[in-house]
Each structure stands twice: as structure tokens, then as C-alpha cells.
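Below: one structure, written as C-alpha cells.
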Amino acid sequence: MLTLQCPYCGVDAEETELHAEGEAHLKRFGPGSSDDDFETYLFMRENPKGVHFERWRHSNGCGKFFHAARSTTTLEVFGTYSAQTYEPPQDIKDKITAKYPGWSWREFA
Amino acid sequence: MRRYSAFAIAREAARFHTGWERAWRSPEPKKKYDVIIVGAGGHGLATAFYLGKNFGITNVAIIEKGWLGGGNTGRNTTIIRSNYLQDPSAAIYEKARSLYETMSQDLNYNVMFSPRGVMMLAQTQSEIRGYERTAHANALQGVTTEFIGPERVKELVPIINIDGPRYPVLGALWQARGGTGRHDAVAWGYARACSDMGMDIIQKTEVIGVRQEGGKVTGVDTTKGPIDCDKLGLVVAGNSGDLANMAGFRLPMESVALQALVSEPIKPCMDVVVMANTVHGYMSQSDKGEMVIGGGTDGFNNYTQRGSFHHVEETVRALVETFPIVSRLKMLRQWGGIVDVTGDRSPVIGKTPLGNCFINAGWGTGGFKAIPGGGWATAELIAKGEPGPLSAEFGMDRFIEGRFIDESVAAGVAH
């Protein structure tokens, strides 16, 4: 069972305590934006085979949203981090690089 | 290809079964094909079959990284139905269901299509309204379904508990002409027919790159070297995102694990397919007597073909409530498959941003039932270069235009 540590309350929460909330670091577009931007934001997804960044919610716990870095092929968790950021923290990126040199995900590498 | 028949069985019995030939060839790839289909699952093989049968295009290779029919085609719960809500879905799923009726004869291969009836239980007031609406929509679409009351449910499925404490059965959407088929045989039958038409099914060969020039596809790189093609069809279900990444575009879908399980075999006790969407479980009985049970999808992206255990627990808990007699059954096997789910729970069949590259994907949790229809539509798309009537509404452009084919009610959980 997938276990993630909530970066807010520090609890090691297993999957049934959490809710997956989809791809992380989406740039949001609202009224007045172009059709392409709106479509990309709402529907287009990375869906990578390998390193992935996601939003999760500690729904049956403290209730906070947070981010997780995970591999979709091994289910290995590289770390979790605050939702109040536009990019993954350097230490998590370094941890991924150590295991998967040359990885990239959207504009991050 | 030597035809299968009662006479063939008698002939082979008389000579100790020495005359059976291989069902399909396993050739080395040629340098170039007119059409390359990536993915020898049900939809890929059906696409190739109808390219040959309907359009006479037989210089075709079907490239498969594993063995044919070894992905979701061999992992589903074999349910065939067409009781969807929206017109484009009803058209393609009903086309598929009707092709299943004659598939054994068309392919000279017994796919064991069993139109035993599919029942979707209504266990809340909103489900009653939803399924009554679907029954009306189906009547307009020419798909025969009806909304039946709890007495008729009990009559059709004596083992069901209609007075469940939490979720009593209030009625059901009943499609008498739906049913099940033998999933492996569908892949094997199409593969045998494709091979017979001269197509090359290249197994254990992974596509590792999509070659292009001037915005058009020119071929693929594989673990057996480069292969050229004029047209390329991507029919790889859960791996669509990976292939799209190689081809240089993104898709409006995400890959998640969907699970199923079967019980030990028992004597015949249920001769219809029952789906209970409120409690997230569905069940049918195979010809071998195993209860075939479908579970739910995980909420997170996953390529491991393994799902989370708590879904198994939830599914079994729901079924024990609906069918008390299964409470002592042992489960024999449990497995997962990777399904590609779109925002509106409808598939994508259409052109891609890359010229001469076409895609059939996004069937999510319900691709098996659509195999012949999806293959028929994708073959037309590849042969003509433009979508035909069956696939016209299923292009990727529907997301930018907001023209969704919303089947989240019909397809959200159970299949």
C-alpha cells in the first residue's frame, strides 16, 4: 500500500487516508485565456512512465493539500513537499537525479 | 489457413492431432509497411483486420512489445454491453456489440460470445432516475434496453439480496442482448485472420521511437531496428501517454490501475452479468464456474499493472452485501491492468498533431466490449485519413471545443 508522509502534520499516511488530486504544478488559466491554454490546463496531462509529480490531499487527516514526487513504474516515493510552491524543492530533485540521471518532467530536470 | 470445423476435429482425431497448424505466423519485420499498428491487443488487431477486410490494405505490421492479447485484452472481465447515454457512444458500442454476435462465424474462431444479459442495479433514487433516462435515450438510439423493477431482478438473479440493509435493489437497467465473450479468443481469432491475410504480427518487439520528417510520420524505431511506414496507428491503451511522448505530443488522458479477481469455480448459480455501481462491484460467472469480479480504479497514475489492495476489499465487501452466498468463496486470482482514462470517460479515435499518425486510445475501464467497433472505426480512419461516421465525434479536438461525450455516469466505475 502506498504510504506518503504528510509534510504538514508529519503523519505517515497510507493511501486510504489520502486522496489523489492529479498532476502537480498545473498553471491555471481562467476567463479570457486562449483556447489552447485552457485546454492544456484542463485536459492535457503528462502521464509519464517514470518520475511524476502529483497533488495529494490528507483528506482523512489534517485535510491539507500537498505535493508528492513518485515513480509511476516502481511506485517509489521520492518525497513529499508543501503545496505552497511552484516547483519541487532541490533536495527532492537531487534525490531523483541520484537514482534516475537525466530525468525530466515538463520544465523541471 | 485451414478452417476450423467439426470435420477438422474428426479428421485430426483420426490422425492423432498431427495436422493442426500454427494459428498465426511469427515473421521477422520487413523494411517497410503501408501501415504499422503499434499494439497487438484487441483494438490493434481488430483495426488491422478491418483494414484488410473492409479496405483491402494488407501490407500491415502489428508490433507488440509483449505477447499478443497480453495486456488489457487478457485482463478484463469480458463484459459486452452498449447501454450508454450519449448518441456517439451508443453508435460505436452498439456496432461493436452487433459485430460480436457474428464474430465467431466471421473469424472462423469460437469467441464464445454469450448474450446472457447485462443488469446494472439501481440502488439509490438518483440511480433510478439515471437509468430510466438511459433506457429512454437507448430507445431513441435503437439500442434495446429496459428499466426493470426489483421483482424482475430477483427473478433473473435468484441469488441476489434485494433487501440489502444499506443499499436495497430498487430496480435495474437491463440489456438482454449484452453478455460476455472469451477475451483471449477475440485477440487470437483476429490475429489468426490477420496473419491469414498476409499481415505480420511482430511480438516481443518494443517501439522505442517514432521517426518523423516535415511533420509527418516516416516509421518507428524498435528493439529489432527501424521499420518504415506510410501510416502509423497507435493502439496501446495504458501506454498511450508513453507513445505520444515519443511522437512529440500530449494526450488528454492519464493511466491508472484497474483490478479484477476471480473466485474458485462453483456450480452454476448466476446466468447474467450484474453490475452494482453504487457499491462498486460487478460479477458474472464464467463457463468454468468461477465468479468473475471487477473492482475499482486507483486515483493515481500507475504503470505497474498492480492496484491497491483496499479496492479489492471494498469490492468484495460490496458483493458480499449484494450476494450473501459468495461470503464463503475463496478467491483464486487477482490482477491489475493499466487503463487510460480521459476527462469525459469516452475514447479518443482520431488524427494526432503528427501527420499520418492516428490514435485509438482512452477507452478507460471499458475497452473490451468496444473492440470490433473501435477496430472498425480506426481502420476507416487510417484507410481514408479522415474519421468516418462512427469516430467523427471522438477526435481529440472535442476537448478544445468543449464538445464532450460525457459518459461518466455510464462508465465511471463499473465495466
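Backbone N, Cα and C atoms are what each Cβ position is placed from, and that goes for glycine too.
What TrEMBL lists as domain 'Rhodanese' is B:35-79.
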With the cut-off at Cβ under 8 Å and a gap of six or more residues from its ends, the chain residues touching the domain 'Rhodanese' (B:35-79) are 29, 118, 178-184, 186-188, 190-191, 193-194, 197-207, 219-220, 222, 227, 229-239, 243, 260, 273, 275, 282, 284, 292-294, 305, 335-339, 360, 363, 367-372, 374-376, 378-380, 382-383, 415
For the domain 'Rhodanese' (B:35-79), what is the mean per-residue pLDDT, to the nearest integer? 97
Summary of DSSP states over the domain 'Rhodanese' (B:35-79), given as helix, strand and coil counts: 17 helix, 9 strand, 19 coil
